[in-house]
Amino acid sequence: MNVISCSFSLEHNLYETMSCLQRCSKQEELKQIHARMLKTGLMQDSYAITKFLSFCISSTSSDFLPYAQIVFDGFDRPDTFLWNLMIRGFSCSDEPERSLLLYQRMLCSSAPHNAYTFPSLLKACSNLSAFEETTQIHAQITKLGYENDVYAVNSLINSYAVTGNFKLAHLLFDRIPEPDDVSWNSVIKGYVKAGKMDIALTLFRKMAEKNAISWTTMISGYVQADMNKEALQLFHEMQNSDVEPDNVSLANALSACAQLGALEQGKWIHSYLNKTRIRMDSVLGCVLIDMYAKCGEMEEALEVFKNIKKKSVQAWTALISGYAYHGHGREAISKFMEMQKMGIKPNVITFTAVLTACSYTGLVEEGKLIFYSMERDYNLKPTIEHYGCIVDLLGRAGLLDEAKRFIQEMPLKPNAVIWGALLKACRIHKNIELGEEIGEILIAIDPYHGGRYVHKANIHAMDKKWDKAAETRRLMKEQGVAKVPGCSTISLEGTTHEFLAGDRSHPEIEKIQSKWRIMRRKLEENGYVPELEEMLLDLVDDDEREAIVHQHSEKLAITYGLIKTKPGTIIRIMKNLRVCKDCHKVTKLISKIYKRDIVMRDRTRFHHFRDGKCSCGDYW
């Protein structure tokens, strides 16, 4: 845009200025508009000043708000509206503390307050989790007679709740004779942000009339708290109410489906979007791609991607991440190259996705080339996540010495995830000496993670150092660290069934156990011998280890799926941990014996089992 070419004749000076502002996207253009406003006297016009500052504050450009501050500082006596405008602008920015600094200047200037001054200040306090400043502003509200102003009180409730002072938040809420929707939503939002979902739900149930914000706040809270089953249950309640789901609630419901692997429910929401003609914004598009990818349907994910008219870097990244989950490294790299041909610059998350894809498929040279291109070609500094991807890439490929050297030479301090990737590789490739060394480092820097002790003990046991394995196990107990239990889920007819390793709580457990005994006989007839290597930590005899391995959660979930679905139906399983060798072996055999496709998502990736083979090629 050539701002200079805009006509600034006195007759339509204001109109042309506002028109140029709407087309402004760069700071240089903004400066030219400001210069013209100074030259033509528009900076003396209160309407023009307000429009100029409002534009700067609402702009997505990070340069415009600081420039608005420079312009504002040039005024001798800004009125209350302009003070409030600037305070509001910084309260929503990456520097909310500047709202509080502006307020200090406002107090010194003797500019009068009004009811709109305090909500923005309290928003800044909430973003900073600043309890002391909240109490000071509370005192000002009381002193100036705004203690009964609904906007000020609602903002106070939210700020106290967000800063963890629920007693004060509830006290203020209880003092309101007739709380409005904003009052209810403020206190609920505070509890949600603090992760106190039980209290938030109690308050939510007490609301006489719930609006879209109320429902969305609760649903998104459950998703953020990783309570995805509860999120979907509440979303179904919302559908049965008289409140229409908005884009945010739909996006959160789809996110819950993705985490649970609830494909049918995710498809229903997608169908609902199409029927109601809800505008497919970039957020919904990305969440849909992610949902289909995480539910094992990459073809559907690709179809959604193709139908997005304006593909953002987030959409490309979601698709590349999907290919990574499924072990389609070549496809991920292909899309990574294609997005750049389309003029889309990859970001740090895109690089994490494509490097993960390389790691999961053993594309060592390709992964290294992409990693080293980050800073050289894209001016992006690799983060700890990117270094972790390379360690995992080298470790999976058996290049343990190179992985160790890479860690020692990396400019960032290696964390537990970095060392953990190398320890896992030592276990896979049976490098006992290096594994014992890394195990010591890991427990020293991450003493409260059960997996660190388990891997270290198993490394000792692989070398038949039973005393050291027992010592590691004893240390784990002394620290009060528990091993995370294996948990698998299967979604059937809108209900998610959960199984723990050795679980007997399911109402149909007897039927499951009976079916498993039949399946086990068929497995043995087809040459199945249990893989007990990964059971070494338990230090029990072979019979006990075999009994334990047969009760792994994914076996229970698959068995239940065979009972409850028709022949030929795809069985979809979610697992919270990496699938063990025995379960992987068993699932391959089940897919062949029962002629079923089985899609299993474990902690890191997808496994598609068909005709006795797995899509991972036994590389996981």
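Placed from the backbone N, Cα and C atoms, the Cβ positions cover glycine too.
Feature annotation from Swiss-Prot assigns region 'Type E motif' to 418-493. According to Swiss-Prot, the feature region 'Type E(+) motif' maps to 494-524. The feature region 'Type DYW motif' is assigned by Swiss-Prot to 525-620. Taken from Swiss-Prot, the feature repeat 'PPR 1' covers 79-113. Sequence annotations record features per position, and here Swiss-Prot assigns repeat 'PPR 2' to 114-148. Residues or ranges marked as repeat 'PPR 3' in Swiss-Prot: 149-179. Per Swiss-Prot, repeat 'PPR 4' is recorded for 180-210. Look at Swiss-Prot and you will find 211-245 tagged as repeat 'PPR 5'. What Swiss-Prot records for 246-280 is repeat 'PPR 6'. The repeat 'PPR 7' annotation in Swiss-Prot covers 281-311. For 312-346, the entry in Swiss-Prot reads repeat 'PPR 8'. Taken from Swiss-Prot, the feature repeat 'PPR 9' applies to 347-382. Residues or ranges marked as repeat 'PPR 10' by Swiss-Prot: 383-413.
Through the fold, the repeat 'PPR 5' (211-245) approaches residues 181, 184-185, 188-189, 192-193, 195, 197, 200-201, 204, 252-253, 255-257, 259-260, 262, 265, 272, 496 of its own chain, all at least 6 residues removed from its boundaries and within a Cβ separation under 8 Å. Across all of the region 'Type DYW motif' (525-620), the predicted model scores a mean pLDDT of 86.
Residues 229, 260, 262, 264-265, 485-488, 548, 550-557, 559-560, 562-563, 586, 589-590, 593 of the same chain lie 6+ residues outside the region 'Type E(+) motif' (494-524) yet bring a C-beta within less than 8 angstroms of a C-beta in it. Residue counts for the region 'Type E motif' (418-493) under DSSP, helix first, then strand, then coil, are 51 helix, 6 strand, 19 coil. Residues of the same chain lying 6 or more positions beyond the ends of the repeat 'PPR 7' (281-311) and with a Cβ under 8 Å from any Cβ of it are 247, 250-251, 254-255, 257-259, 261-263, 266, 270, 273, 318-319, 321-323, 325-326, 328, 339, 342, 344, 572, 599, 601, 606, 608. Residues 80, 83-84, 87-88, 90-92, 96-97, 99-100, 103, 106, 154-156, 158-160, 162-165 of the same chain lie 6 or more positions beyond the ends of the repeat 'PPR 2' (114-148) yet place their CB under 8 Å from a CB of it. Proximity of distant same-chain residues to the repeat 'PPR 10' (383-413), defined by a Cβ-Cβ separation under 8 Å and at least 6 residues beyond the stretch ends, is recorded for 348, 351-352, 355-356, 358-360, 362-364, 367-368, 371, 374, 419, 421-422, 424-426, 428-429, 431, 434, 619.
DSSP places the residues of the repeat 'PPR 2' (114-148) in helix, strand and coil in these numbers: 25 helix, 0 strand, 10 coil. Tertiary neighbourhood of the repeat 'PPR 4' (180-210): same-chain residues 150-151, 153-155, 157-158, 160-162, 164, 166, 169-170, 173, 217-218, 220-222, 224-225, 227, 230, 241, 243, selected by CB-CB distance under 8 Å and a gap of 6+ residues from either end.
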